[in-house]
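Student: Pasting in a structure now, in structure tokens, and then I'll have a few things to ask.
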Amino acid sequence: MTTSNLILIIVVVAVVLALAVVAGVVLNRRRRISLREKDEAERRTQVKGGGYQAGGGISFASGAATAEPEAADPAAPVHPVDERTEVEGQPGVGDDAAVPRDTERRGIVDVELPDETATAEPVTQPEVPEQATAPPEAEKPAAPPEPEKPAVEPEPEKPAVEPEAEKPAAPPEPEKPAVEPEAEKPAAPPEPETPVVEPEEIEPTAGRLERLRGRLSRSRSTFGQGLLGLLGAGDLDEDSWEEIEDTLLMADLGAATTTEITERLRSEIASRAVRSPEEARTVLREVLVDALGQDMERSVRALPHGDPANGGKPAVLLVVGVNGTGKTTTTGKLARVLVADGRHVLLGAADTFRAAAVEQLATWGERVGAEVVRGNEGADPASVAFEAVSRGSDTAVDAVLVDTAGRLHTKTGLMDELGKVKRVVEKKAQVDEVLLVLDATTGQNGLMQARVFSEVVDVTGIVLTKLDGTAKGGIVFQVQRELGVPVKLVGLGEGPDDLAPFEPGAFVDALLN
Ligand SMILES: Nc1nc2c(ncn2[C@@H]2O[C@H](COP(=O)(O)OP(=O)(O)OP(=O)(O)O)[C@@H](O)[C@H]2O)c(=O)[nH]1
């Protein structure tokens with residue numbers, strides 16, 4: 001090999017190496033997204049998110065038009081149980097927890113479905129004596145006789161549920177009237193009762209979200225500001241994207257949703273040639289709002305089927321969930337919203353595990369002037385629920401809200417009992433809405449609860465409570481993705497009016513602004 005050939009080869013190699021280096025740099029630049037190229041003036045012209053400005057109230061719908069839950073949410077993704085993404089080690093129906101919280105409080109009673117002759121009077125209503133006959137039980141042909149079936153509570157003004165056989169009769173509750181007068185309702189049914197508590201003024205639902213926006217500050221400072229900080233920090237390299245993923249995971253969005261959102265962000269930012277923090281914010285908002293399912297039907301089906309005054313049936317809502325998530329509080333808050341909307345509401349205190357829960361709901365009823373149908377502690381919750389719905393139909397209310405006892409999703413007997421409550425109610429009326437109340441502070445555990453409850457009672461909507469006390473507001477993304485069930489309401493505090501409709505755009509704005 002001559003010297004000139006050697007030199008030639010060296011030159012060719014050098015040129016090839018130089019081309020490779022240049023190509024590498026170009027590719028690297030393309031992957032990186034510099035957010036420093038726009039000047040300040042242009043940044044200031046960028047439109048920011050609108051804030052948590054949902055000015056409307058909670059929207060209600062009639063169950064009549066949406067009798068079938070699936071039909072009501074055509075746009076909702078279907079997530080069959082078979083497609084669960086994170087089921088390892090997690091309980092399903094049929095699994096028992098080692099030591100359920102409830103066991104010490106109350107044993108599980110094998111409650112028979114009320115048969116036709118008994119269902120009509122499952123809960124004693126002194127003022128409604130005609131509810132004393134019912135057809136035979138369809139689902140339980142060989143049901144043993146229930147000697148202890150609803151017996152009329154001796155107290156004249158207090159509707160009470162008949163205690164069950166193995167349950168000692170609850171002590172009589174002396175002077176607490178179960179039916180509240182409807183002072184605020186112009187179209188209140190003819191139930192002129194002695195007012196015990198003056199119904200209090202209810203804050204209008206319109207504009208409520210704006211007021212509660214600050215309650216999301218914990219999620220905003222970690223999740224929202226964390227993402228904006230990363231996206232606006234400068235070049236988005238692999239490390240940045242990993243941090244973005246970590247931020248999403250820590251906010252409880254879950255692995256699948258995190259991956260989906262990160263990939264979408266990367267592709268949108270690259271394809272739109274995003275070059276400024278404001279553009280990145282716009283893309284982020286869009287991606288997050290889309291991930292929350294803007295088109296999901298979030299109306300609460302609490303409007304009656306026809307005019308109750310002319311034979312129409314009230315809407316029936318069941319409120320379910322594990323212990324302490326905020327079911328009773330949510331039931332009371334929702335009653336306030338309905339009453340403020342001019343609706344006539346009846347509350348069913350089917351949480352018979354805990355006497356205090358019944359009292360708690362009765363207090364909510366008093367505060368808004370809603371009648372409360374209650375049972376003694378330990379009474380058959382299905383009977384109380386049934387009686388509440390019967391009473392609601394008889395008194396022509398617009399909606400019956402049934403508060404159920406907290407139950408661990410891992411406790412098979414309790415979940416079976418819940419399924420039974422729903423079946424019994426359905427003997428009397430269509431259940432329009434099953435609201436699963438989840439405590440947002442419980443993170444992944446809330447998701448497990450949602451899965452199991454959803455299998456047992458066909459959850460139609462989620463109420464995410466205590467969002468004011470958590471930095472993990474991202475659970476909302478995951479719950480909806482996993483179940484295809486929309487978050488309809490959010491609890492943002494313990495106050496009576498701290499319940500707001502869930503609106504994806506407003507929620508994301510509250511996180512990012
Ligand atoms: N910070 C905050 N607290 C809430 C919210 N919703 C409910 N709570 C509180 O959570 C606690 C439990 O609420 P309850 O309504 O009694 O819960 P529950 O699910 O009915 O409880 P059990 O009947 O025992 O299953 C109460 O102290 C409520 O004030 C909310 O949105 N934010």
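Note that Cβ sites are derived from N, Cα and C of the backbone, with glycine treated the same way.
Because the structure is a prediction, the values reported are computed rather than measured.
What TrEMBL records for this protein is below:
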type: TRANSMEM; residues: 6-27; note: transmembrane segment
type: REGION; residues: 39-219; note: region 'Disordered'
type: COMPBIAS; residues: 48-58; note: compositional bias 'Gly residues'
type: COMPBIAS; residues: 59-79; note: compositional bias 'Low complexity'
type: COMPBIAS; residues: 98-109; note: compositional bias 'Basic and acidic residues'
type: COMPBIAS; residues: 126-136; note: compositional bias 'Low complexity'
type: COMPBIAS; residues: 146-185; note: compositional bias 'Basic and acidic residues'
type: BINDING; residues: 321-328, 403-407, 465-468; note: GTP binding site
type: DOMAIN; residues: 486-499; note: domain 'SRP54-type proteins GTP-binding'
Student: Please report, as numbers and ranges, the same-chain residues at least 6 past the borders of the domain 'SRP54-type proteins GTP-binding' (486-499) whose CB is under 8 Å from any CB of it.
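Tutor: Distal contacts: 58, 73, 76, 202-203, 208, 212, 215-216, 293, 296-300, 326, 329-330, 332-334, 336-337, 364, 367, 435, 461-468, 476, 479-480, 507.
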Student: Taking the binding-site residues Gly324, Lys327, Thr404, Arg407, which residues show a Cβ-atom distance to ligand 1 below 6 Å?
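Tutor: Listed by sequence, the hits are Gly324, Lys327.
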Student: Give, as a single whole number between 0 and 100, the mean pLDDT over the domain 'SRP54-type proteins GTP-binding' (486-499).
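Tutor: So the average pLDDT across the domain 'SRP54-type proteins GTP-binding' (486-499) works out to 92.
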Student: Using a Cβ-Cβ cut-off of under 8 Å, list the residues of the same chain that are 6+ residues beyond the ends of the transmembrane segment (6-27) and lie near it.
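Tutor: Hits for the transmembrane segment (6-27): none.
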Student: Which residue, out of the binding-site residues Gly321, Gly324, shows the minimum number of other Cβ atoms inside 10 Å of its Cβ in this structure?
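Tutor: Among the binding-site residues Gly321, Gly324, the sparsest Cβ neighbourhood within 10 Å belongs to Gly324.
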Student: Using Cβ-Cβ distances, find the residues under 8 Å from Thr404 (GTP binding site) that belong to the same chain and are at least 6 apart in sequence, listing them in sequence order.
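Tutor: Residues satisfying the criterion: Leu318, Val319, Val320, Lys327, Ala350, Asp351, Pro381, Ala385, Leu418, Val421.
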Student: Let me check the 10 A CB neighbour count of Arg407 (GTP binding site). How many other CB atoms are there?
Tutor: 27
Student: Taking the Cβ of Leu467 (GTP binding site) as the reference point, list residues of the same chain whose Cβ is under 8 angstroms away and which are at least six residues distant in sequence.
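Tutor: Sequence-distant Cβ neighbours: Arg215, Leu216, Ser219, Ala440, Gly473, Val490, Gly491, Leu492.
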